[in-house]
Amino acid sequence: MEFILSLIGSLLLIICVLVSVAFLTLLERKVLGYIQIRKGPNKVGLMGIPQPFCDAIKLFTKEQTYPLLSNYLSYYISPIFSLFLSLFVWMCMPFFVKLYSFNLGGLFFLCCTSLGVYTVMVAGWSSNSNYALLGGLRAVAQTISYEVSLALIMLSFIFLIGSYNMIYFFYYQIYMWFLIILFPMSLVWLTISLAETNRTPFDFAEGESELVSGFNVEYSSGGFALIFMAEYASILFMSMLFCVIFLGCDVFNLLFYVKLTFISFVFIWARGTLPRFRYDKLMYLAWKCFLSFSLNYLLFFIGFKILLFSFLLWIFFSKKLMEN
């Protein structure tokens, strides 16, 4: 019975994520419209609200192209696997009851994000197009560079809370958010999240001016739609993770979802206002700035834990000596 309830809960979570992805695309088009002093989609239904469903019908009913020189199987499997990973990683979202509560949620998240690199690489390689391959290679180099800092920051928090289980973030932030005490780290995490999800100013995988849309240039119809559904599901997940780690992990509170929406809005806002980085500056930022920053924080948290432990030991032994 418990397994059936968990299964129903997982299906509901996936359906809610997919619906959220649809409306996130609408929010993005509306926000970008107002940033560029225009209306955005407003013709379909009331204020353009049913627009995402019309887009989905249009994309999935268009003709599927078959590039003659592509590696057929990997070309079609990679968008499906990409979306599967983006939905699968939601399983580590912290719940109190009736859904999987991973004791190793942090580790599971790192594994899923590491696998996400391969889908972009295979999608670029299997298209047998030079532009797609270049886009794939740039995406792999970028993601590897940023995942090192991402993993180190995640490890810092694991040392701080003493568990891989995400639900511990809720217990540690009942009285004060980590955003207040670790503000520089939150800014770095947000920047790494932008790079991880291939968003502006780090969207080198799909630079239109340089790579003719990048690794997805040969995709059309359903394959193209699946790639972008995976991207927007990742944006929502990284927004959720930011709220869990820094803004109090109160998943049963309506305010949590308001915070999640705001962080998603920040992703879109960054796209509307910031220009694309230069590639060498991106690498400099990843290896010279963020890596040293995250290593320093990791060492600080380890040292902090050792200091606390030694202080407790000193109190314990001093009490023993006083008793004797």
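Even glycines carry a Cβ here, placed using N, Cα and C.
What Swiss-Prot lists as transmembrane segment is 3-23 (among others), and the listing cites sequence analysis.
Sequence annotations record features per position, and here Swiss-Prot assigns transmembrane segment to 77-97 (among others).
Under 8 Å from some Cβ of the transmembrane segment (104-124) lie the Cβ atoms of residues 74-75, 77-79, 81-82, 85-86, 88-89, 91-92, 94, 132-137, 139-140, 143-144, 147, 150-151, 154, 157-158, 164-167, 196, 198, 205, 214-216, 219, 227, 230, 234, 241, all in the same chain and six or more residues away from its ends. The annotation transmembrane segment is assigned in Swiss-Prot to 104-124 (among others).
As annotated by Swiss-Prot, transmembrane segment applies to 150-170 (among others).
As annotated by Swiss-Prot, transmembrane segment applies to 174-194 (among others).
Residues or ranges marked as transmembrane segment by Swiss-Prot: 226-246 (among others).
What Swiss-Prot records for 250-270 (among others) is transmembrane segment. Non-local neighbours of the transmembrane segment (250-270) in the same chain are 24, 27-28, 31-32, 35, 93-96, 170, 190, 193-194, 197, 199-201, 235-236, 238-240, 242-244; each lies 6+ residues outside the stretch with a CB under 8 Å from one of its CB atoms.
Here the transmembrane segment (297-317) has Cβ contacts under 8 Å with residues 152-153, 155-156, 159-160, 185 of the same chain, all six or more residues outside its ends. Taken from Swiss-Prot, the feature transmembrane segment covers 297-317 (among others), and the record attributes it to sequence analysis.
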**Prompt:** In the same chain, which residue numbers or ranges, 6 or more beyond the ends of the transmembrane segment (226-246), come under 8 angstroms Cβ to Cβ?
**Reply:** 17-18, 20-21, 24-25, 79-80, 82-83, 85-87, 89-90, 93-94, 109, 116, 119, 123, 157, 166, 169, 177-179, 182, 186, 189-190, 193, 196-199, 216, 219, 256, 259-260, 263-264, 267
**Message:** Six or more residues beyond either end and a Cβ under 8 Å away: which residues meet both conditions relative to the transmembrane segment (77-97)?
**Reply:** 9-10, 13-14, 17-18, 105-106, 108-109, 112-113, 115-116, 119-120, 122-123, 126, 165-167, 169-170, 219, 222-224, 226-227, 229-231, 233-234, 237, 240, 244, 249, 251-252
